[in-house]
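S.K.: Before anything else, here's the structure in question.
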Amino acid sequence: MAIPKAHYSLAVLVLLFVVVSSSQKVCNPECKAKEPFHCDNTHAFNRSGFPKNFTFGAATSAYQIEGAAHRALNGWDYFTHRYPEKVPDRSSADLACDSYDLYKDDVKLLKRMNVQAYRLSIAWSRVLPKGRLTGGVDENGITYYNNLINELKANGIEPYVTIFHWDVPQTLEDEYGGFLSTRIVEDYTNYAELLFQRFGDRVKFWITLNQPLSLALKGYGNGSYPPGRCTGCELGGDSGVEPYTVAHNQLLAHAKTVSLYRKRYQKFQGGKIGTTLIGRWFVPLNEFSELDKAAAKRAFDFFVGWFLDPLVYGKYPTIMREMVGDRLPEFTPEESALVKGSLDFLGLNYYVSQYATDAPPPTQPNAITDARVTLGFYRNGSPIGVVASSFVYYPPGFRQILNYIKDNYKNPLTYITENGVADLDLGNVTLATALADNGRIQNHCSHLSCLKCAMKDGCNVAGYFAWSLMDNYEFGNGYTLRFGMNWVNFTNPADRKEKASGKWFSKFLAK
């Protein structure tokens, strides 16, 4: 998960975890017109109100849980060791949850939670140390993922596999700049085909990319993620051009991989393939201001439409073309046809909604400010939703974005591939406090309530994955944020304990 730090300008969040106002309104399980902001009865709410074939799962990613043992370096390894000051606790994921050694324990946690599915990712450099097929396949890495997938299947848990979750092999960064170069499209497609060949007999759900926006903006817009490039960054960069190049190349890699899967593997393997986008909703700061209404629409187009428009319509949003000009790459007619419709399903990661207000043009081109929008979580000092120690979350936005996608993007088959909230842990949180995470129960319960409402509205949603199965290394925040439904001791990762939220989710699914 990527914490929604300021992409434009945001209010600073320093309040305590979950402050709930009874005057605020959102969906409840009955989906009435006016409902309390929190779940009235978390014990009574359960999965019985969802379709029988609806999938519930939990999610993680390779870099955040596996540890670095027995794999080649990726961009995050290099970045966190070269620039430890970029992470609040100066940490890396060298050990993390040690899931490379403890994957059977991971599956036990999943089994205890009663989930039907597990969203995981493959570490590119664990199976292809040089990043490309010509550099050789690491059969030990293949064996690791075979063992994990087999363990999941043996326990009745369906694997949903993310092919790329921001961990570019460092060899490809060194050789040609990773996703800055079109050369990565072929290497990525070959890597994906290797996964189809080795795991496709058991994996029936493939996710090509995780939040391509985050890699583009944070890796190349402000340099807070690897490879740490931006205008004025030590490693160089151009914040007004490179994010658009990287986004474009990710879309091409996705589209060519989907085309390959459909032509060579889908018919006899019987799987589906899609991608996961960030799902953020935007509310006009002044609901009566036409400028703010337009700003909220622009924010959506620059955050979500940037990727969803090409995937559904084969072209970038018109407003982006008008405002970004020739800095925004063009699809050739052949590329447009390839990208258009390259989704069997849409994955959506939803965490927050924000207020949007019109902003003046930036002083210099930058993909982070090109939309000319100022974003925040507060209106006249009042938060948009529930104030947590990590961010402010707004469950009604969940329903609103799903309905907007239904109405404007042909109502695609959708899986909620991430949703959750973090607790801040600066080393001063007792174990008892960490395990009593009632705020997380409210977060999941309220979002599931709004999801149920959205489905009654006709939104084509087929699954929900909680982020996260367990506490892990949070990109850009190290170990200072804990998203897990299970607690992990990061000095001894075999020490895991079920949180109150994990117990709640297990009971929610058992009913």
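Cβ coordinates are placed from backbone N, Cα and C, and glycine is handled just like the others.
Below, the features straight out of Swiss-Prot:
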SIGNAL    1-23  signal peptide
DISULFID  CYS31-CYS450  disulfide bond
DISULFID  CYS39-CYS445  disulfide bond
CARBOHYD  ASN46  N-linked glycosylation site
CARBOHYD  ASN53  N-linked glycosylation site
BINDING   GLN64, HIS165, ASN210, GLN211, TYR351, GLU418, TRP467, GLU474, PHE475, PHE483  beta-D-glucoside binding site
CARBOHYD  ASN222  N-linked glycosylation site
DISULFID  CYS230-CYS233  disulfide bond
ACT_SITE  GLU418  active site, nucleophile
CARBOHYD  ASN428  N-linked glycosylation site
CARBOHYD  ASN489  N-linked glycosylation site
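For each listed feature, how buried is it and what is near it?
M.R.: In the three-state DSSP assignment, the secondary structure recorded for CYS450 (disulfide bond) is helix. CYS450 (disulfide bond) counts 24 other C-beta atoms within 10 Å of its own C-beta, drawing on all protein chains shown.
Following the DSSP three-state reduction, the secondary structure of CYS39 (disulfide bond) is coil.
Under DSSP, ASN46 (N-linked glycosylation site) is assigned to coil, being neither helix nor strand in the three-state scheme. For ASN46 (N-linked glycosylation site), the same-chain residues 6+ apart in sequence whose C-beta sits under 8 angstroms from its C-beta are LYS507, PHE508, LEU509, ALA510, LYS511.
Sequence-distant contacts of ASN53 (N-linked glycosylation site), defined by Cβ-Cβ distance under 8 angstroms and a gap of at least six in the same chain, are ALA462.
PHE475 (beta-D-glucoside binding site) falls within neither a helix nor a strand when secondary structure is assigned with DSSP, and so counts as coil. Residue density at PHE475 (beta-D-glucoside binding site): 24 other Cβ atoms are found within 10 A of its Cβ, drawing on all protein chains shown.
Cβ neighbours of ASN222 (N-linked glycosylation site) (same chain, under 8 Å, six or more residues apart in sequence): CYS230, SER239, ILE368.
Residue environment of CYS230 (disulfide bond) contains 25 other Cβ atoms, counted within 10 Å of its Cβ in all protein chains.
Secondary structure at GLU418 (active site, nucleophile), as computed by DSSP, is strand.
Secondary structure at ASN428 (N-linked glycosylation site), taken from DSSP and collapsed to helix, strand or coil, is coil. Spatially close to ASN428 (N-linked glycosylation site) yet at least six residues away along the chain is no residue at all, judged by Cβ distances under 8 angstroms.
Residues near ASN489 (N-linked glycosylation site) in space but far in sequence (CB under 8 A, at least 6 apart, same chain), listed by position: ASP495, ARG496.
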S.K.: Using TRP467 (beta-D-glucoside binding site) as the reference point, find which of the recorded positions CYS39, CYS233, GLU418, CYS445, CYS450 has the shortest Cα-to-Cα distance to it.
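M.R.: It is GLU418, whose Cα lies nearest.
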S.K.: Say you check the Cα of PHE475 (beta-D-glucoside binding site) against those of the recorded positions CYS233, GLU418, CYS445; which is nearest?
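M.R.: Result: the closest of the recorded positions to PHE475 (beta-D-glucoside binding site) is GLU418.
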S.K.: Could you check the binding-site residues GLN64, ASN210 and say which one's CB has the fewest neighbouring CB atoms inside 10 Å?
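M.R.: Lowest Cβ count within 10 Å among the binding-site residues (GLN64, ASN210) is GLN64.
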S.K.: Give the sequence-ordered list of residues that share a chain with CYS233 (disulfide bond), lie 6 or more positions from it, and have CB atoms under 8 Å from its CB.
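M.R.: Long-range Cβ contacts: GLY223.
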S.K.: Looking at the recorded positions CYS39, GLU418, CYS445, CYS450, which ones sit with their CA no more than 10 Å from the CA of TYR351 (beta-D-glucoside binding site)?
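M.R.: Close recorded positions: GLU418.
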S.K.: Look up CYS445 (disulfide bond) in the DSSP assignment and report helix, strand or coil.
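M.R.: DSSP call for CYS445 (disulfide bond): helix.
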S.K.: For GLN64 (beta-D-glucoside binding site), name the DSSP secondary structure in the helix/strand/coil scheme.
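M.R.: It is helical.
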